[in-house]
Amino acid sequence: MSRYLARPLVSRYLSSVSSHPLHVCIVGSGPAGFYTADKILKAHEGARIDIIDRLPTPFGLVRSGVAPDHPETKIAINQFSRVAQHERCSFYGNVKLGSDLLLSELRDLYHVVVLAYGAESDKDLGIPGESLSGIYSAREFVWWYNGHPDYSSLKPYLKRSDTAVILGQGNVALDVARILLRPTTELASTDIARHALSALEESSIRKVYLIGRRGPVQAALTAKELREVVGIKNLHIRIKETDLSVTPADEEEMKNSRARKRIYELLSKAAAAAGTSEADPDQRELHFVFFRQPDRFLELDERMGHVSGVNLEKTILESVGSGKQIAVGTGEFEDLNCSMVLKAIGYKSVPINGLPFDHKKGVVPNVKGRVVSHPLGSLSQTEPGLYVCGWLKRGPVGIIATNLYCAEETVESIREDIEEGVCKSAKAGSKGLIELLEKREVKKVEYSGWEKIDAKEKQMGSERNKPREKLVTWDDLLAAAN
Amino acid sequence: MSVLEAAHENDIDLEGACEASLACSTCHVIVMDTEYYNKLEEPTDEENDMLDLAFGLTETSRLGCQVIARPELDGVRLAIPSASRNFAVDGFVPKPH
């Protein structure tokens with residue numbers, strides 16, 4: 001069904017300011033990029049959009065982040081594909097901002113540049129032993145099992161012991177716990193990368209600890225994911241009843257957030273159910289550990305350079321005003337042995353030359369999506385024609401849907417600026433981009449190239465009862481695209 | 001037919017990212033009259049899980065893909081949350097959740 005029929009409501013946004021096309025470039029083809037493109041196409045009949053991505057494949061974290069056992073979450077790709085195939089929109093993959101072209105060059109070619117390239121780095125703990133082998137960020141592990149071409153050769157240590165520790169209790173932490181603990185027979189029919197399935201089939205990990213520095217009321221996971229993990233067959237959930245006692249501040253937090261309250265109730269139910277059942281030796285275990293923060297990583301002498309455990313400090317909660325509680329160390333420590341650690345404590349955006357960046361928050365400083373010229377300067381001085389959307393704008397929080405409203409806000413700022421006459425002069429747009437890329441011999445992958453990759457993956461997948469068998473190296477992806 | 005399908009049939013811009021799989025909250029609608037909200041069946045746990053995360057959640061929020069059109073709902077008014085447009089229509093201000 002066509003969603004691009006002209007409608008009276010939309011036409012009030014029609015740009016009557018200029019008679020030449022509005023050239024837009026969006027950097028990043030994940031949800032933020034695609035929702036931005038969708039809204040600009042609908043709001044401006046004269047807009048022509050190029051979406052560039054450093055990967056040959058579009059869709060960002062929908063392809064490389066959403067867990068293999070969550071196929072319904074990937075359905076969003078259908079709408080994004082329709083946007084990419086719109087006559088006024090083009091996708092160019094294998095084009096990297098900073099290497100293949102500069103931000104200043106993009107701003108010369110396009111009236112509007114929207115940076116939506118997300119957060120491809122990680123928060124660090126900054127504690128001793130963090131560089132021991134066997135310690136990975138959840139992002140690296142997720143990209144590994146999802147076949148991201150930068151991490152296919154990660155080779156995580158899955159055979160050294162039966163225990164893995166995950167630091168963090170958000171949905172990414174739950175994703176990686178599930179992938180570690182689900183029977184591989186269940187994973188075999190998903191789009192998990194082949195090298196990951198093989199490695200997991202030989203994995204000795206049977207116990208996973210999810211460590212949070214605060215309590216169950218503050219846990220960052222959400223109800224759907226918790227419900228799912230508690231419902232996994234033959235997975236024994238362990239939660240200490242004592243961790244479930246709540247403070248008055250906790251009660252207040254739950255009163256103000258129905259999500260928090262429902263999660264607490266689910267955890268309580270899971271703890272009660274766990275308390276009455278016996279773990280049999282073959283069962284896999286998922287432990288929720290609250291009120292513990294990592295102090296340092298441990299290594300045994302005979303396995304020099306490899307992690308053998310985490311030293312954890314017990315914490316208590318302290319109110320810091322406006323309903324927020326933080327974790328404070330008590331000086332009491334305990335060790336937890338393991339052979340693998342996954343840090344799921346948050347992503348971080350990567351700055352690029354020529355782009356104002358707030359290193360403290362890890363985002364591009366902006367006001368409603370308009371990039372602010374100096375992170376510490378006046379908020380009213382913004383860079384003309386330069387915008388941000390998604391995690392690069394808001395920080396690495398939220399779900400796919402969050403980008404819908406984020407894009408709406410950024411596109412509204414763009415619309416206001418166009419009415420103010422920001423985009424008066426003609427620009428080269430796509431034509432200029434293609435000339436530049438040709439001059440630099442960049443092998444861009446167009447949407448039709450992605451369709452070839454897509455077809456090949458689906459065909460390979462059908463031979464193995466999987467929705468697709470992902471191509472996981474740069475060479476294979478680029479070869480399939482051409 | 002669900003509210004989401006009805007919206008699409010009438011060219012109303014209501015997103016349905018997961019195509020009614022209860023895996024997102026982009027079809028979030030606000031039932032403007034409590035009387036009509038009460039006529040609807042209670043949301044399931046799965047719908048509530050998604051509503052927990054919905055932008056601009058109110059006490060009369062539902063997912064459009066889960067509300068099925070029936071004759072008893074004739075005349076129901078639904079608001080679509082927006083980041084930039086003013087909520088108030090005909091003086092209606094939704095109660096925040």
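Yeah, the Cβs are placed from backbone N, Cα and C, and that goes for glycine too.
Over in TrEMBL, the protein carries these features:
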type: DOMAIN; residues: A:23-183; note: domain 'FAD/NAD(P)-binding'
type: BINDING; residues: A:A32, A:L61, A:L97, A:W391, A:G398, A:I399, A:I400; note: FAD binding site
type: BINDING; residues: A:Q169, A:G170, A:N171, A:V172, A:R213, A:R214, A:E225, A:G398; note: NADP(+) binding site
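In this structure, the C-alpha atom of A:A32 (FAD binding site) lies 19 angstrom from that of A:V172 (NADP(+) binding site). The maximal spread of the FAD binding site, taken as the longest Cα to Cα distance among A:A32, A:L61, A:L97, A:W391, A:G398, A:I399, A:I400, is 25 Å. Across the structure, A:I400 (FAD binding site) and A:N171 (NADP(+) binding site) are spaced 13 Å apart at their Cα atoms. Between the CA atoms of A:I399 (FAD binding site) and A:N171 (NADP(+) binding site) there is a gap of 10 Å, rounded to the nearest whole number. When the record's NADP(+)-binding residues A:Q169, A:G170, A:N171, A:V172, A:R213, A:R214, A:E225, A:G398 are compared pairwise by CA position, the greatest distance found is 20 Å.
Here the C-alpha separation of A:R213 (NADP(+) binding site) and A:G398 (FAD binding site) works out to 20 Å. Of the recorded residues, A:V172 (NADP(+) binding site) and A:W391 (FAD binding site) place their C-alpha atoms 15 Å from one another. Proximity to chain B, defined as a CB-CB distance below 8 A, holds for none of the binding-site residues A:L97, A:G170, A:N171, A:V172. Considering only the binding-site residues A:L61, A:W391, A:G398, A:R214 (NADP(+) binding site) has A:G398 as its nearest partner by CA-CA distance. Each residue contributes its Cα atom, and for A:L97 (FAD binding site) and A:N171 (NADP(+) binding site) those atoms are 29 Å apart.
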